[in-house]
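Participant: Encoded as structure tokens, here's the structure I'll be asking about.
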Amino acid sequence: MSVSWSCLCCVKYLMFVFNLIFWLGGCGLFGVGVWLSFTQSEFSSLPLSFPSLSAANLLLTAGGITMVTGFLGCLGALKEQRCLMFMFFVILLLLVLTEVSLILIIHIFHDKLDSKAQGELKEGMKIYESEPGLKKSWDSVQKMFKCCGVTNKTDWYEVLNGSLPSSCCSIGTDQCINGWSEPCYQKARMWLLDNLSSVLVFGVCIGVIQILALVFSILMFCQIFCAEKHFD
């Protein structure tokens, strides 16, 4: 009996430590999402398919769910309550399956997803002149990244009757004739990858911790069951 309870205590505290790291990781992801949202606030009128905006929403959602799951895991490990442990296990299992599914979908259909996102952005460009908020967002994007259009500067020709917005050229230019040649979608995507590469590595570490937490939750269930049987 003492050996069984010793094993249970060992598994319990190990699971608590892993879930504490998991919770802190969730706080980190949520914090990066908040930072990205604030830094990209000038682009808020653009469709959510814009790379940096979609990444910010994804990080906020993932961070929030991770924080809640980690808290349930810590509480369940300390209290040794089956209800909390079962809830933690189900949420974590669903979270892992969702993440794996999303990774596979993005990997397999990344070209189609990019095309759809670019199509939504081009559709939003049509109200550039009639929507002040969207106009300000597009001008901010093009000035910041020194780019023009979604996939090419010619994207503006249909919107502005063969002309380019002044934000496609250097600051202070009243009339833009030869705008920047680089597309904004790819430029924003590259900026995102350059600035969030460490977050991707951090996300992989969180994934490993998730799997370990799942294993320890199963072990803890087994230990609790065996200890109760032995006690009876």
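A Cβ is built for glycine as well, from the same backbone N, Cα and C atoms used for every other residue.
What you are looking at is a predicted structure, and each value in this text was computed from that prediction instead of being measured.
If you look up TrEMBL, you'll see 12-38, 58-78, 85-109, 199-226 marked as transmembrane segment. Annotation comment: TrEMBL describes Cys148-Cys169 as disulfide bond.
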Participant: Within 10 Å of the Cβ of Cys169 (disulfide bond), how many other Cβ atoms are there?
Facilitator: 20
Participant: Counting only residues 6 or more past its boundaries, what in the same chain has a CB within less than 8 Å of a CB in the transmembrane segment (85-109)?
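Facilitator: Sequence-remote neighbours of the transmembrane segment (85-109) are 19, 65-66, 68-69, 72-73, 76-77, 207, 210-211, 213-214, 217-218, 220-221, 224.
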Participant: Which residues does Cys148 (disulfide bond) neighbour through Cβ under 8 Å, counting only same-chain ones at least six apart?
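Facilitator: Non-local contacts for Cys148 (disulfide bond): Gln142, Trp156, Leu164, Cys168, Gly179, Trp180, Ser181, Glu182, Pro183, Cys184.
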Participant: Using a Cβ-Cβ cut-off of under 8 Å, list the residues of the same chain that are 6+ residues beyond the ends of the transmembrane segment (58-78) and lie near it.
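Facilitator: For the transmembrane segment (58-78), the nonlocal Cβ contacts are 12-13, 15-16, 18-20, 22-34, 36-37, 84-85, 87-88, 91-92, 95, 199, 206, 213, 217, 220.
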